[in-house]
């Protein structure tokens, strides 16, 4: 280890113990909710053959290739030379999951409901809310052959359940449908619909005027078509409202795929309109298209109110052609919550905090090293009933042992007495009284660290 | 995604959902026990600068270097050319943790107790119990300046608590002390003690005769010295026995460091002798030295009875010089449990099994698609009280919906009735009766999947 203080790596965030308590709490809530909804936990390896990751071509430059140092030494360059044996770190959890489904299709029961919480890696330029290593929490439903459309409304409801239990700002989920957009463009007679979508996708970063100019000068649309594309993309609905259906029809474009997309989007919005209690709302937003090109129907993005500049914290969509083994296709729909993107900016602002940086609720004091065994016996008795307990690391004077607890916000210090009796002290109030290691327990709110939102102070 | 079935990558194990239930159970127990003992959860990034990982020099060839594809394309070779900017996947959790301690020393309270459960990567040749990607669960105590020796006995007791709750074969932990061995060799007048240790370390793979021959012909020891080294390494003690102290002294070697090591080892064995209940025993074993060279005092290895060929599943030791910022050293002691190494061979043999591959306890049937909302309301009511519940994916005939549950071992199917009442059926017994979504709960043993050891059948 270097005889100097190492520095953080930009884009690879690490948490202090009290911040990690917050993250663990969020991960516990997500797992609890995903399991309550019947999703099975799956994990895939961190690496995939480069050929699997690059099939969709979009983000090659951001992929991290992985090679044994021995190999690198043997044949120098060539890490980017291709071939199935070159491995790379996965950049999302959807592509590896699709590969997992194909690989294990014979052993899975369909429709297959899975959640997956893992780190992913992308070599993007680090900035707020953008990391090179970050954790995603995904839920997907995949079926063999065809996938019932009600799952497209189910997934937002699962996330709504999760956000209702998380100490986070309110979230607005924006939903759109690729078929709707594709059909609208087709109905306008546009040929390169992908190019149009790419420009329209920039609406949250630039002005409508600039997008319009790119559509006309860059993609080659007529003025009327460009206006129609912008009119579609700037339609907004109230949460739960399906009024957008008439508004789209009012734009005068007719196409079968457009009709299908409108029906699908209206169904999702209608089924999720009643959700929420304020923590999570679903709205139709016809500008959302998602950059990655494997989505084929419903697409989702979500933003935290007041933290919209972080971008979408929970995104996904329906993919009909991602997993296909030549005999069967496995259409799916999924949502991916950016755990790191959501939490790190809030932790950095001190808005999300844990009540203490350690699980310990009780520190058992040690009178002298000969009596360490007696203190360890108390700790064992408390732990046997689920009370997180440490024994003081040194038999220093009691004032110092209490300071040890105080520095970690450990609420209770336990004192074995010479006569074999016991006392426990709440070091916040100073209250001290007799206690029995076989029966005593801390108040429920002190048992484990708690996590709370702290309003920013001006 | 390829239009063919992908194949597994050798050395990168992935689990089926029912196997993952087993792993999650084990990880839950480990976390619960580590937190009961007051260890804070920490996670470090997956990558470190190559310079941090290679400082100890031992396993360079096994390290995986990581580079953005864009970089590889730009300057070809050079991934092995060195420099602080080259990143590599961590191969253990101790070296990254030591770096984390140095980086955050000003923000941590010492002694700092942490656990860390993450995947690590080593490019070794895959074989049973050896993987290229695998999960480790580490506990360490690190202090600033000096570390109290009682922590060297504490860590085996923490692991003993964990194994007492895990459905695994009994574990024997073998403990030794590097100072003891080093002092013994010094007392014999040997110069290259590292070379001797390297040969003696091979005792579990080859015969004493061969090791003796290597010591004489390879390292250049005299016959008498080689015999003494072998005599030391083949000393075994009964669990909890400190009789080895007299036996070592009986070998006639005198050295101050040897005395210190003997005292330390005797203290660890004495303090852990009473542990266990059969699931975990601690014995002095003077052949154990650990390959990695950062250990300076106590060293540990552990083997599962009946599965000794998997090698050590839980190893570690005391390291006094791993973290040092030039002003302060941070000595520590740690244990690392090989979660993947322990579980994958047992899962492959069908010895560890989950009661079902999904968290779902109740499937709510759907009479027809118009009534999906009524079934969803039942599911929401059950989930609000912690009952993991799915709604049937299609309004097929009830026989098919029951088969959906049966294929996943979901124990209960719920039937909303036309008159607004409800019935629930235990599909194992066939018992069906009225139930109220506001109060009904499954028996505790059916609430979540359970995990059990299944004796091998002949």
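The backbone N, Cα and C atoms fix where each Cβ goes, and this holds for glycine too.
For the L-histidine site, TrEMBL gives A:92, A:93, A:94, A:136, A:140, A:290, A:294, A:295; the one candidate out of A:68, A:122, A:125, A:281 that the record lists there too is A:122. Of the listed segments A:387-422, A:423-458, TrEMBL assigns region 'Disordered' to A:423-458. DSSP assigns residue A:94 (L-histidine binding site) to a helix. Residues A:92, A:93, A:94, A:122, A:136, A:140, A:290, A:294, A:295, recorded as binding L-histidine, reach a greatest CA to CA spacing of 21 Å. Mean pLDDT, taken over the domain 'Aminoacyl-transfer RNA synthetases class-II family profile' (A:22-357), works out to 91 on the 0 to 100 scale.
The C-beta environment of residue A:290 (L-histidine binding site), restricted to residues of the same chain at least 6 apart in sequence and closer than 8 Å, consists of A:178, A:201, A:299, A:301, A:315, A:317. Mapped onto DSSP classes, the region 'Disordered' (A:423-458) shows 4 helix, 10 strand, 22 coil. DSSP assigns residue A:290 (L-histidine binding site) to coil, not to a helix or a strand.
The secondary structure of residue A:136 (L-histidine binding site), as reduced to three states from DSSP, is extended strand. Most Cβ neighbours within 10 Å among the binding-site residues A:94, A:136: this distinction goes to A:94. Taking the Cβ of residue A:295 (L-histidine binding site) as centre and 10 Å as the limit, one finds 24 other Cβ atoms among all the protein chains shown.
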